[in-house]
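One structure is given below, encoded as structure tokens.
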Amino acid sequence: MSDKSDLKAELERKKQRLAQIREEKKRKEEERKKKEADMQQKKEPVQDDSDLDRKRRETEALLQSIGISPEPPLVPTPMSPSSKSVSTPSDAGSQDSGDLGPLTRTLQWDTDPSVLQLQSDSELGRRLHKLGVSKVTQVDFLPREVVSYSKETQTPLATHQSEEDEEDEEMVEPKIGHDSELENQEKKQETKEAPPRELTEEEKQQILHSEEFLIFFDRTIRVIERALAEDSDIFFDYSGRELEEKDGDVQAGANLSFNRQFYDEHWSKHRVVTCMDWSLQYPELMVASYSNNEDAPHEPDGVALVWNMKFKKTTPEYVFHCQSSVMSVCFARFHPNLVVGGTYSGQIVLWDNRSHRRTPVQRTPLSAAAHTHPVYCVNVVGTQNAHNLITVSTDGKMCSWSLDMLSTPQESMELVYNKSKPVAVTGMAFPTGDVNNFVVGSEEGTVYTACRHGSKAGIGEVFEGHQGPVTGINCHMAVGPIDFSHLFVTSSFDWTVKLWTTKHNKPLYSFEDNADYVYDVMWSPVHPALFACVDGMGRLDLWNLNSDTEVPTASVAIEGASALNRVRWAQGGKEVAVGDSEGRIWIYDVGELAVPHNDEWTRFARTLVEIRANRADSEEEGAVELAA
């Protein structure tokens, strides 16, 4: 109450001070107006006199210009502006004495001051003059232009304020605003409503666990994270001057540059990145699957995290998990909300980001009709109106599923070589635009072609060349004027990457620049001669076959030298993502190296011709050595 009374007292004192200032200002304004009125009255006769003198001088000058010299006694200075007749000094003397002679004359002014008339008094008579004929010369004179710069004739009289008044106003204005603010605060305090009722702990828990609150919180927390984590560089120079000034940088995009890292302290720690995939519908989204965390037995074994490249937040967009390690994962093509995972137990799980649950919305049964071994390959193939989920497990079983029903597979097939040996599949790839034929890599190091339908359904050709298990396989993806869809690359534990064609069962070329297991390989989606591979020493290599086939075109080693398990190109081909054995995902910008020129396809065709010629020469030399 004391604070409120002090506030009111302070307000009253300010109001009194404000009233005093206003009265003082009003009094000064009245005095100023009174002074101006007095000065105006004093200036008026002087102004009239000065105008009359000016007109008189103009008249004299006009008379002199035409040869008339006014007599000195006829140019007396008028005493007042209202006077119509002015007496000469001699006349004044005669008038004082009372003698009114016949020669008395007066200078009389017309209503128009510019016209001068000499008249004699009618009562006193007129002196007789001798008249004669004279020549009259008529001359016209333009009136003199009079320009007045007086404030009185152009703008209203300016009001001059004293410095004291200005200081008073400067002092009053903020006080007025402060007083009004205090009044508003006082009114708000008086009209303040009663505080809302405090909720009980039971009511709070009921709200926190309600489905509506969970959905709202799950949706809005992502928006807030995006806003808080955004740190765009407002000083970025698009002209490239900063890149030119840096020492050691040849050109922007000549080398791999680190963009960002995805890592969650809770869900990524002590887990291995097993698979990654980019979304076709939302290119900024990437999903990654993780193995189990042996240090956290109570946590779910399988985890899939959806990361967002568009926003600079450090947490995943979505967190999904299941009870078995997720060995493979992909976005369901034509279904942007669905994520498919293949688990170590053999189950196929399906997550939906429209559901606020983190567990799968669908899963396949653990039965002989489906998979019972680890599933390392999941892929959605087909078109918008006719597509299927294709999965392959390490026991050689391939299943085709409908995403609407995962209870039973639509069709299944045993991938068996020579009708007796099941193929332990570790990788699968479909050529671009093909949904029937595919290639698979196996644990024995052999590569096979296979077919889903037709008379030759099952395992077809055999490609031998690797000396260890095949860890990665990928078909050529870049679409251009020349079709290279028959090409594919494989990586293996034998420290090599091999280039193959489905038209020949021997490798076209073997890239042997690595000194550790090569865990994955992938073609660029836009450049015909570019592919990326990763190895167990934490090294990412980019090979541009149009530039060199002996050493990588660009290479980078990640911090800590953790083994890199997976590599995936973004859809635009400008970024490449790699996952390591510590649960971290590294994003690198490829830059201009990934942009193909118009002649890249023809150059790559010539490169393939040279590779085939060199392989033929080496085979001939080998045959000669064997014969010798």
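Cβ atoms are placed via backbone N, Cα and C, with glycine included.
Small disclaimer: the values here were computed from a predicted structure and weren't measured.
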*According to Swiss-Prot, which residue out of Thr106, Thr153, Thr159 bears the annotation phosphothreonine?*
Thr159
*When Swiss-Prot marks a stretch as region 'Interaction with DYNLT1', which of 130-146, 300-316, 436-452 is it?*
130-146
*asked:* Say a student had to find the phosphoserine annotation in Swiss-Prot: which of Ser82, Ser87, Ser97, Ser355 would be the correct pick?
replied: Ser97
*For which of Ser148, Ser407, Ser618 does Swiss-Prot record the feature phosphoserine?*
Ser618
*Which of the listed positions, Ser85, Ser94, does Swiss-Prot note as phosphoserine?*
Ser94
*Secondary structure composition of the compositional bias 'Basic and acidic residues' (1-13) [DSSP: H/G/I, E/B, coil]*: 12 helix, 0 strand, 1 coil
*Do you know the DSSP helix, strand and coil residue counts for the repeat 'WD 5' (465-510)?*
0 helix, 24 strand, 22 coil
*Can you tell me the mean pLDDT for the repeat 'WD 4' (420-460)?*
90
*asked:* With helix taken as DSSP H, G or I, strand as E or B and everything else coil, how many residues of the repeat 'WD 4' (420-460) land in each class?
replied: 0 helix, 21 strand, 20 coil
